[in-house]
Every structure is written in structure tokens, then in C-alpha cells.
Amino acid sequence: MNIKIITVGKLKEKYLKAGIAEYAKRLSKFCKFEIIEVSDEKAPESLSEAEMTTVKDKEGERILAKVKDKEHVIVLAIHGKQRASEEFAKEIQDLATYGTSDITFIIGGSLGTSDAVNKRANDALSFGKLTLPHQLMRLVLTEQIYRAFMINQGSPYHK
């Protein structure tokens, strides 16, 4: 199985890099895992709706350029479906069981994802109504993917 996270912007925080590296190392026993960063669009502090759409569209083009046709795409979005860790684990297992070998998660920029990205997605996942930095979501998502594999293995990691 191949699992990819496509995310907007460069990760600078060392503590987040260290956490992600640890979970990526653990995930290597279960899947090929990679994170692809696409550049974020520079934007002033206050944007009109049209300017926000333009920023999301430009970032969306960069994201979609990294997505292959055969990939099952899950976008992280506030409007997405919230799942318990066990449900998330079952969905990953079911995708693998029924022939999906490439899963791509998308974390948009600070303004979210474009309509084109949302339309390309096969599913939308939400971690709740909280607003979290998209850089932090990389670590949270990577840990949850690892947790899903551990749940599917029957490991005591998930208590």
C-alpha cells in the first residue's frame, strides 16, 4: 500500500518534523509513506472573497498536479465526516482489501482547499470543528494513519 500526504507550504518547526519523522519510520513497516509539499501562494492579510478563491485555486492546481488518476483521495476539511479512530482504521483496511493500493490525503493551505480539489476527492475527513494549524495537522494525520495500522494489527498501541 502507498500512502501519500500532499500539503501546502513548507514545514519549518523542528518539533513537528521530528514527530512526523518518527511516525513515518514506524509506518515504513506497513506501507510506502511520503509527504509532498507544494508551495503556498503568498497573500496579504486581508483578502476579498475573489482573492481568497484565486489563492485556493492556484494552490489547488499545484496539489492536483501531484495526484494520479488511480489514487483514492481524501481531503481534510471542516465539512468532512468525523470518524472515530476505529472507523478510520476500518476504512483504510477496507480500501486495501477491495483493491485500492494508493491513498492520498490532502491538507490545504490556511484558506482551505479549492473547489477543484474538493471535487477530485473521493472522501472528506474532518478532525472536528476546531481550527488547527495546517502544519500541525501533518503530525496529527500521520499519527492517526499509524494508529489505524496498529488498530488493524490488534496492537495495544490504541487504548
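Note that Cβ sites are derived from N, Cα and C of the backbone, with glycine treated the same way.
Note that the structure is a prediction, hence the values are computed from the model and not measured.
Marked as S-adenosyl-L-methionine binding site by Swiss-Prot: Leu76, Gly108, Phe127, Gly128, Lys129, Leu130, Thr131, Leu132.
Of all residue pairs in Leu76, Gly108, Phe127, Gly128, Lys129, Leu130, Thr131, Leu132, the annotated binders of S-adenosyl-L-methionine, the farthest apart have Cα atoms separated by 16 Å. Applying an 8 A CB threshold to same-chain residues 6+ apart, the list for Lys129 (S-adenosyl-L-methionine binding site) reads Ile78. In sequence order, Val140 are the residues near Leu132 (S-adenosyl-L-methionine binding site), counting only same-chain partners six or more apart with C-beta under 8 A. Close to Gly128 (S-adenosyl-L-methionine binding site) in the fold, though at least 6 residues off in sequence, lie Gln82, each with a CB less than 8 Å from its CB. A count of other CB atoms within 10 A of each Cβ picks out Leu76 as the most crowded of the binding-site residues Leu76, Leu130.
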